[in-house]
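Colleague: For A:20-214, the entry in TrEMBL reads domain 'Metallo-beta-lactamase'. The annotation Ca(2+) binding site is assigned in TrEMBL to A:GLY48, A:ASP50, A:ASP442. Residues or ranges marked as Zn(2+) 1 binding site in TrEMBL: A:HIS73, A:HIS75, A:ASP77, A:HIS140, A:ASP162, A:HIS389. The Zn(2+) 2 binding site feature in TrEMBL is assigned to A:HIS78. The annotation active site, proton donor is assigned in TrEMBL to A:ASP194. Here TrEMBL flags A:ALA231, A:SER232, A:ASN233, A:HIS363, A:VAL364, A:SER365, A:GLY366, A:HIS367 as substrate binding site. Positions annotated as active site, proton acceptor by TrEMBL: A:HIS367.
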2 protein chains.
Amino acid sequence: MSEHEARLHIIPLGGLGEIGKNMLAIRYQNTIVVIDAGLMFPEEELLGIDVVIPDISYLVENREKVKAIILTHGHEDHVGALPYVLKEINVPVYGSRLTLGMIEGKLKEHQLNDVKLHVVNPRDKVQIDDIILEFFRVSHSIPDSLGVALHTPLGIVLHTGDIKLDQTPVDGQVVDFRKLAELGEKGVLVMLGDSTNADKTGFTMSEKVVGNTFDELFGKCEGRIIVTTFASNVHRIQQVISTAAKYGRKVSVIGRSMVNNVEIAQRLGYMDIPEGIMIEMEDIDKYPPQEIVIVTTGSQGEPMSALTRMATADHRWVGIRPGDTVIISATPIPGNEKLVAKTVDLLFRQGAEVIYEREMGVHVSGHAAQEELKILLNLIRPRYFIPVHGEYRHLMKHAKLAESLGIPRHRIFVAENGSIIEVGRKKACIAGKVPAGRILVDGLGVGDVGNIVLRDRKQLSQDGIMIVVVTINRDQGQVVAGPDIVTRGFVYVRESEELIEDAKARVKEALDFCEKRNITEWAVIKAQIRDKLSKHLFDKTGRRPMILPIIMEI
Amino acid sequence: MSEHEARLHIIPLGGLGEIGKNMLAIRYQNTIVVIDAGLMFPEEELLGIDVVIPDISYLVENREKVKAIILTHGHEDHVGALPYVLKEINVPVYGSRLTLGMIEGKLKEHQLNDVKLHVVNPRDKVQIDDIILEFFRVSHSIPDSLGVALHTPLGIVLHTGDIKLDQTPVDGQVVDFRKLAELGEKGVLVMLGDSTNADKTGFTMSEKVVGNTFDELFGKCEGRIIVTTFASNVHRIQQVISTAAKYGRKVSVIGRSMVNNVEIAQRLGYMDIPEGIMIEMEDIDKYPPQEIVIVTTGSQGEPMSALTRMATADHRWVGIRPGDTVIISATPIPGNEKLVAKTVDLLFRQGAEVIYEREMGVHVSGHAAQEELKILLNLIRPRYFIPVHGEYRHLMKHAKLAESLGIPRHRIFVAENGSIIEVGRKKACIAGKVPAGRILVDGLGVGDVGNIVLRDRKQLSQDGIMIVVVTINRDQGQVVAGPDIVTRGFVYVRESEELIEDAKARVKEALDFCEKRNITEWAVIKAQIRDKLSKHLFDKTGRRPMILPIIMEI
């Protein structure tokens, strides 16, 4: 293929039209570079599903071309699918020191011991065939987050990663504005931009704001202070610790994932923990309340989290008591609103003061709002713009923002997972589609739960099941045992004997009906039973349990 | 009982520690007056449940004392349980004209034809034994809302109902501040106050604000305008119609419940609909887009609602198309956030412009925020204060507000459903408890679904069911048919033949084990099967389906 025919293919495999499972492939000739490999937590209707990961059949089909997976940062929606991906295609992984530090444990859990992990630093360059990867610092709600520019023979493809423009980040490491400006000045062919907060006006507040709030609250509190936040928000935890130090309080970290992350961040030098400030949870009661701060998991109201267990007096070492102040330093992820509200109520019931309101300044987002997005677009002024990371409305809002800044509409692509955005020097278009979608992980099964299983779970969850068993003597066509009826999740059997006896009578009618007409096909007999029972049960109860006739033959 | 021993019992039966199923009993000697009879929509974990209603066994036990049910307004969380209550105790019902108009249809559906409905107007007085009910006008998100003062021999008990202090309500009927002041001046013994927004600072904006936003938006829109809101928000619908009239647009109302409510409100004189403005949905396409406004249900993203069906091209008459502007004039009820977001995305995908952001001013709440609550408390300055209508945190916040205004803490009761708050002239206390809780309605069954059924539905919903059937010859103790295995909601059977065959082998092992040991008790055999299978399936799949062994005997 001569060079003037060369094309870039940009293929989002996840994270478009959804929040989560971010993954995007960039292909140039025989080289594919993958950015992120995230998971998503299942929506309510995916009953029983543990996690959702992207469909990577396109990568598997082109496995010999896939040369690198880049991780922009360590959040689950960017790294959580990595073990599943590496089991299919074991390729080198690039990421910052903290990001790779955080995934090591997970890879071990999955018995992935021969993964090639390459630590990269901001401004590092890495050559992958004809592409040079150039990493740059961004701010987000986890330290050591990166964006990446791919210098390809056709031009620069720039991916912001998850980004906010924090002018006063906790670690002093601001977004690499000058690198962004330099790339913009050189000319960026394609920009891929984080859209998560594209429907929020104004600026996202700095992480430091939360530190100031902590300072104010810690200064006033006379009892124990319990702060809950995301386990990966190392800077938030740092601010809790720093504020505790200022007010002479000891700090105990509770909750497995948070303990892990603090351990990793501290070991890798991402935290500044004053000597002697940390105490074990067993020792909390050795100090007076005004000398204690607890940082803990459970900010999403997760029923098994440390905070929920404290609030339900189910935690081994810590219980909530009057005088405690609990700070919910997080906002509910969409779908978790009720769980969080329930936790707040539980805490109040235990007598704690709870600070949870949005306007209290105890949480800030990790994603850029509209004014920041405008700054990014104006710094970079790409030829083509592709909003990524967001539900459809966020992508649309981001696209409209770009248009309002003068990027022509035909150079903005609101794409879908699986879209092939083909980019040449002179033009770009959506040139096709690769398989994309959600792969459901349930227990050990990856992809074995499909629509039929989910539909059945749905029906079972709503009205339960009625199982009808009959044993028939095949030779004589006679019922020799049954009908027996067993139900689960439908009615409380001890109070419904009449209903069950009636149901048996209906089954007998159906069997008689079939016998008289010499119907011997099981499928027809079962259908008869199902129809008769279904109508009967709905008339009596207004419910539609799954009806499962089983015919045994002797 | 001599009068100086007389006590008032105030007994919340629903709506405390929860949003919904509001109901409260007030008892003086042999007279019980009930305020509201609301339902609640089930939380996620109440699988398959249609609605939740209060436990009214206290009222049923004291049926001869219950003299009146007062409905403060027509929302489901205040009137939705009425048919169920009236089936148990048929007592006279008092409410405003619109409130009673809205429930008439529902009573007919339930074949309740002999209910004594009494229309009351603001400032009306009704004598019930020794109690005089006095109704007063309040503002809320449905017209004709009332609060009520009960003049008892011990003093005044004042219930705000759901209330906001709208200074510019659409119908010009402001809260009866002067009556509240007069009652306060006389001396209110107990105040029961709406706490729904007690954690919101400031003032709730006036309904008129939404009208202004509509005016602005309608003035700019060039295509069709589609507004979705709560079907009962008659004033919101009125404002859509008035604004449409101003801009020369026709209006079509779509969605069964909204059509019903508009019909009732119009018939009873609560709406002002200009001649000739309303059109049928079949006729929408006869007009150019800029002359059309559609008001419709679906503001909560309900899958079967008119708006959702329009957005999925599943509605018979109307489909969303580019150029349409959709205004979501509502905020999601907690728990509905994801459904609403999904609808917004669908609308964007169809090419519509969607106005949904909180800051756009297309919705205001119907409940008083903190500054309004303070005004109410200061107007009334009750001796005892009981916050009602809210989750525990709302009640706590409301209690703290009251305390901050100088009401002593020991005169404020943060109670629970079922608490008996005993009030005398000189003192008050929580004096006991009556049965209270949630009664689950599933189809035609009221209260027949309990914890066992729900637990089964939960398990079925997560991992499905595996049914194992064996027919055994009782005399010889031999298996004559089976084991047969049927699964639903567990794995996709066609792709899991090996797993099922393995499972059968495990069942045979269990049967052999029992046969060799001469175990003939079915319960033991079943337990053997269950244990063996359960372990096997968890090892192979990481899932725990319900395992249901059925032994047939011939």
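All positions are counted from 1 along the displayed chain.
In case you wondered, yes, glycine gets a Cβ from its N, Cα and C as well.
Automatic, uncurated: that is what TrEMBL annotation is.
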Colleague: Report, as a single number, how many Cβ atoms besides its own are within 10 Å of the Cβ of A:ASP162 (Zn(2+) 1 binding site).
Modeller: 26
Colleague: Give the helix, strand or coil assignment DSSP yields for A:ASP77 (Zn(2+) 1 binding site).
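Modeller: A:ASP77 (Zn(2+) 1 binding site) sits in a helix per DSSP.
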Colleague: Measuring CB to CB from A:ALA231 (substrate binding site), give everything in the same chain under 8 Å that is also at least six residues away in sequence.
Modeller: A:GLY255, A:SER257, A:MET258, A:ASN260, A:ASN261, A:THR297
Colleague: Among A:ALA231, A:SER232, A:ASN233, A:HIS363, A:VAL364, A:SER365, A:GLY366, A:HIS367, which the record lists as binding substrate, how far apart in Å are the two most distant Cα atoms?
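Modeller: Binding-site diameter by Cα atoms for substrate: 17 Å.
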Colleague: With DSSP assignments reduced to helix, strand and coil, which class does A:HIS363 (substrate binding site) get?
Modeller: coil
Colleague: With Cβ-Cβ distance below 8 Å and at least 6 positions apart along the chain, what are the contacts of A:SER365 (substrate binding site)? List them in sequence order.
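Modeller: Listed in sequence order, they are A:SER141, A:LYS164, A:THR196, A:ASN197, A:LYS200, A:THR204, A:MET205, A:THR331.
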Colleague: List which of the binding-site residues A:GLY48, A:ALA231, A:ASN233, A:VAL364, A:HIS367, A:ASP442 have a Cβ under 8 Å from any Cβ of chain B, in sequence order, or say none.
Modeller: A:GLY48, A:ASP442
Colleague: Near A:HIS75 (Zn(2+) 1 binding site), which recorded positions out of A:GLY48, A:ASP50, A:ASP194, A:HIS363, A:VAL364, A:HIS367 have their CA within 10 Å?
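Modeller: Within 10 Å Cα-Cα: none.
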Colleague: Expressed to the nearest Å, what is the distance separating A:ASP162 (Zn(2+) 1 binding site) and A:GLY48 (Ca(2+) binding site) at their Cα atoms?
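Modeller: With distance taken Cα to Cα, A:GLY48 (Ca(2+) binding site) is 29 Å from A:ASP162 (Zn(2+) 1 binding site).
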Colleague: Please name which of the recorded positions listed here, A:ASP50, A:HIS140, A:ASP194, is nearest in space to A:GLY366 (substrate binding site), Cα against Cα.
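Modeller: Nearest candidate: A:HIS140.
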Colleague: Which entry in the list of binding-site residues, A:HIS73, A:HIS367, has its Cβ near the fewest other Cβ atoms, using 10 Å as the limit?
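Modeller: It is A:HIS367 that, of the binding-site residues A:HIS73, A:HIS367, has the fewest other Cβ atoms within 10 Å.
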Colleague: Apart from A:HIS73, A:HIS75, A:ASP77, A:HIS140, A:ASP162, A:HIS389, which residues in this chain have a Cβ no more than 8 Å from the mean position of the Cβ atoms of those residues at the Zn(2+) 1 site?
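Modeller: Going along the sequence, the neighbours appear as A:ASN22, A:ASP36, A:GLY38, A:THR72, A:HIS78, A:SER141, A:ILE142, A:SER145, A:GLY161, A:ASP194, A:GLY366.
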Colleague: The domain 'Metallo-beta-lactamase' (A:20-214): mean pLDDT?
Modeller: 96
Colleague: Return only the integer: C-alpha distance in Å from A:HIS140 (Zn(2+) 1 binding site) to A:HIS363 (substrate binding site).
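Modeller: Distance between the two Cα atoms comes out at 13 Å.
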Colleague: Which ones are near A:HIS389 (Zn(2+) 1 binding site): of the binding-site residues A:GLY48, A:ASP50, A:ASN233, A:HIS363, A:VAL364, A:ASP442, which have a Cα within 10 Å?
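Modeller: None, since no candidate lies within 10 Å.
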